[in-house]
Structures are given as structure tokens and as C-alpha cells.
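Only one structure is covered here, and it is reproduced in the block below.
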Amino acid sequence: MQPVLFRTLSLGVAIAAASSSAFAATLDGGAVAAPDEYGAKVAAQILKAGGNAVDAAVATAFTLAVTYPEAGNIGGGGFMTLYMDGKPYFLDYREVAPKAASKTMYLDDKGEVIENLSLVGAKAAGVPGTVMGLWEAHKRFGKLPWSELLTPAIGYAQKGFKVADKQFQYRQDAVALFNGKTNFGDYFGHMKAGEAFLQPDLAKTLERIADKGPDEFYKGHTADLLVAQMQQDKGLITHQDLADYKVRWREPMRVDWQGNTLYTAPLPSSGGIALAQLLGIKENRAADFKGVELNSARYIHLLAEIEKRVFADRADYLGDPDFSKVPVARLTDPAYLKQRAAEVNPTAISPTEKVRPGLEPHQTTHFSIVDADGNAVSNTYTLNWDFGSGVVVKGAGFLLNDEMDDFSAKPGVANAFGVVGSDANAIEPGKRMLSSMSPSIVTRDGKVSLVVGTPGGSRIFTSIFQVLNNIYDFHLPLEKAVAAQRVHHQLLPKDTIYYDAYAPLAGKVAEELKAMGYTLEDQGWNMGDIQAIRVDGKALETASDPRGRGVGLVVKP
């Protein structure tokens, strides 16, 4: 059986229009890179109708909740990085722990983690944020009427969409995992490859949200259905949890490098801090990379040396900034990055046990959008695993997340991605769980030049890091930069480098890495699903990762 995975969707859009902004960018048309053909078509449709980047993002997110149910959602949460009228913004609509959650809720009487309790079933679900997040983004920046943006998704739910072969395989794996544990099979058991899949209950839910806005989801009939499902399945989410949910507008993480500015996710995502550290440490070791061939054994070793230090810091320090004091400034300080860079061994593996925190003590979906005014949206949202917790809200037709696994159920014990955490990411009521989602926007001279994101759990920021290297250091065309081999190392398991079947480590490179002492492992799923748009003057370029089933389109005015 194929492993059930964590998925992320990615989409990018741009369109030409008149603008009065000082950061205006009149483009040759629009563009979209989305994780499936339906999301791409809807984004293009909204742009042609005069919608802006946020309008296209909202419509695409709701569409993917229908056509990409393994990750697209209204029962999960996410992050959105925006660049509007020359100013960066970050919207945190991550799920939160229910009020009844506790630090020991996934432990047995002996204090050990109960297998799969934080991954499968109603108790794995955090309070969803997607509907409120999309509403708040639209309320602040949208142009087209809210109800119009849900119309395409409602149509696909009512009339169906053609199930892709790969999507059907994910469904098969999920049925095996959830069999007898959730009601997943009642809703998705009749899905067949190549045939239309209809979701009438979900269509009615989306119609109610289109008509009444987020109050329908958090306080209306949909909320009643969700709470009834929780009570039936012994979950924790209550009416009060839903009514109290709020998004957070935060200052985006900013990284300046090579004349570019990267805007990406701040805490409670680890991705922004990680990207700042990865880029900063690499810059301090520039001499080691000089003349080194892309994805050679030496190049991969240098990446592993940097990545293991970033993951050591992630495990010890990072969590929800509303609950824990996180030393962000110190972790990204140039002097600290120089110190960490000095620890890198360019020729041999640094012993894992000596790589400590440097200070004193799946499935996810992403889309990216750029409009003619130079505005951009980079959005990542998720259910965590493929099809989340496997629990479908009866009568409402949507899946609930299993994001509670992103907390540290027990400090020092790995989650489903093999990533460990500390008390900074321990479970507390109302707390946002740590994430790796890293929706990113690159600007140069105040104008958007790249919008990029990917799924992949702990592989998200290492994948984006490698794509940035491919573009800015190796000067690869966007499609080749996205398609190139990617690898991953995260400190633990010890001296292990992961690859995927799309671009396996083999031949001379593999032998050289093994000779250095590395263990090479096929992780069993794709190393991300990058969706990217590049803006060069007026020209638009899209790239949809060949590892997935995404589509890139240029939209002419």
C-alpha cells in the first residue's frame, strides 16, 4: 500500500490592468499555476471577469475544496502571504486547539503516545480556519462579490469533476487507513477513476456559505452539523470553539538577500525562520558552494549540513508566538547565522549528537496569484494528511483536518513527519500548532518577481530553498528549477538523506554520499508539488511541478 500523505496545493495568477499604484506593473496578461486543471480554470475565469489576486485566490481555494479533497478544504486552515499596493501582509488562519484540549490528551496511562490518535478520527481535529481566513482576505482586499467567488466550486460539487488516476490511488490508500475508524468510506467509497464524482451535501454547504458568509460556518446550520459530528465521534470542538475562532493579521517574515526581498510566513510557521536561516547560513558558506555542481554529492552534503542545524533550532525553540516567547530576532541575527555557518563541516558529516540548538537553552495545498497592479497572493492551506482525519461532517459533506498532530504530543517524540518538538509547541487550548507552511513572495525594487509555494510538511521550506537556489544561483529557467531533483535532511533520523521516486539519488552521486556515511532513503511520496509564477518585466512564466497533476496557464486579456 502506498503511504497516505500530507498534501499541499499551489497556484499562481497574474493579470494586466490599469493601475495608479506607485508599484504598478502592467503585464502582458495573466497566469496561473495550480495543482489541478479545475483550480487553474477557475482562477483564469475570475481574472478574466475583472477579479484581482485575492478574488482569484478565494475562488480557487473553494474550488480545490471540491476537486482536490485530499488537501483542498473548508475544514482545515492555512496561511496567506500578500503583497498589495506595494505593501506586504500576512494572514494567519491556522487551526487552533479546542478549549477542551490538554497537553496529555494523546498519552496513555504510562505517558506514552497512543498511535494514530492525533491523526485519525474526530479527536485529531483542530478548530477550522479556512472559511474565516478567505472571508477576511476578501473583506480587506477583494473586488468581486463574495457569492460569485463560490459559484464555480458549487458547480463542481453539484455536477461533478473527473477523478484523476493518481487521486483515486490516494483515495484507495485512505480507505485502507480509515476503514472502520471513520465515516470516510460513506462519502468517498464510490469515487472511481475517470468518472464524475458528485458531492451534493458539500454543494449545499457552499451555497449556504455563499449566501450567509462565515457566520453560516461558525454559528449557523453548518456549525450545528459539525458539532453534532464531534459529539457522535467523541471529538472536542464545540459551538463556543467555533464562535470564538479568529484569524490573525501578522507581520510577514522578511529576508533580504542578493538584492531581492523574500516575504514569507512568520510564526506559528517555522518556514519563514527556517528559510532565513537556510539562505543566511548558505551565504556565509558561499566559498564552499563556488563551482560546485547542482545536486552533486558535495552540493547535497552541504545542504544536509545546513539543514540539520535549522531543524535543531526548530525542534527546541519554535511554537505559537501568542503562547510562547520565541527568540526570532536572535535566531535570524546575522551574527548568529555566521556562528552556525562556522559549525558546518564541508567535507564530512557533523555528528548528529553534537548538532544542538544554537542559542542557550501532508497534505497541504498552495496557490499563488499576481494581478496587473503588481499585487500578489501566496496561499498555503491544509488538512494535514491526505483527506485529513478521515471524518466527514455528516450532512455538510466536508472533511475535517488532523492538524492536532502538528503539536508536540510529547516533547522529544516525533510526529507523523518524523519531526520532534519541545514544550514551546505543546498542546494548549486555543493555541495554534507549529507548521512548516511557507507561502512566499519575492520582490525586487518593490515589485513582485516570484510567487512560490509547495506542500510537503517538513519538506516545504527545504524544497522552496532548493528552488530558490536553482533560480538565483544556478540561473535555471523556471520549469527546470521546479522540476530539478530535490533532497531533504532534518537532523533525525541520523545521517539520512531523503529523495523521491521522481528524481531518485542513484549512480555515482549515491555511491559518494554512501561512502561519506549517509543513508539514502526513498521517502515514498513526492518531494513537494511546487507551483510558481515568475514576473520578468511584462512577461509571465508559470511552472507547475511535474511531480503532481497541476496545470500552468497564461491568461491573455
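Numbers run from 1 along the shown chain.
Glycine too: its Cβ is placed from the backbone N, Cα and C atoms.
Going by Swiss-Prot, these are the annotated features:
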type     : residues                                                              : note
SIGNAL   : 1-24                                                                  : signal peptide
BINDING  : Arg94, Thr382, Asn384, Glu403, Asp406, Ser435, Ser436, Gly456, Gly457 : L-glutamate binding site
ACT_SITE : Thr364                                                                : active site, nucleophile
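Feature map: Swiss-Prot annotations on the structure.
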residue : record                   : CB count, 10 Å
Arg94   : L-glutamate binding site : 31
Thr364  : active site, nucleophile : 31
Asn384  : L-glutamate binding site : 34
Asp406  : L-glutamate binding site : 29
Ser436  : L-glutamate binding site : 28
Gly457  : L-glutamate binding site : 28
Nearest recorded site to Thr364 (active site, nucleophile) by CA-CA distance, among binding-site residues Arg94, Asp406, Gly457: Gly457
Gly457 (L-glutamate binding site) in three-state DSSP notation: helix
Among the L-glutamate-binding set Arg94, Thr382, Asn384, Glu403, Asp406, Ser435, Ser436, Gly456, Gly457, as the record gives it, the longest Cα-Cα distance in Å: 16
Helix, strand or coil at Asp406 (L-glutamate binding site) [DSSP, three-state]: helix
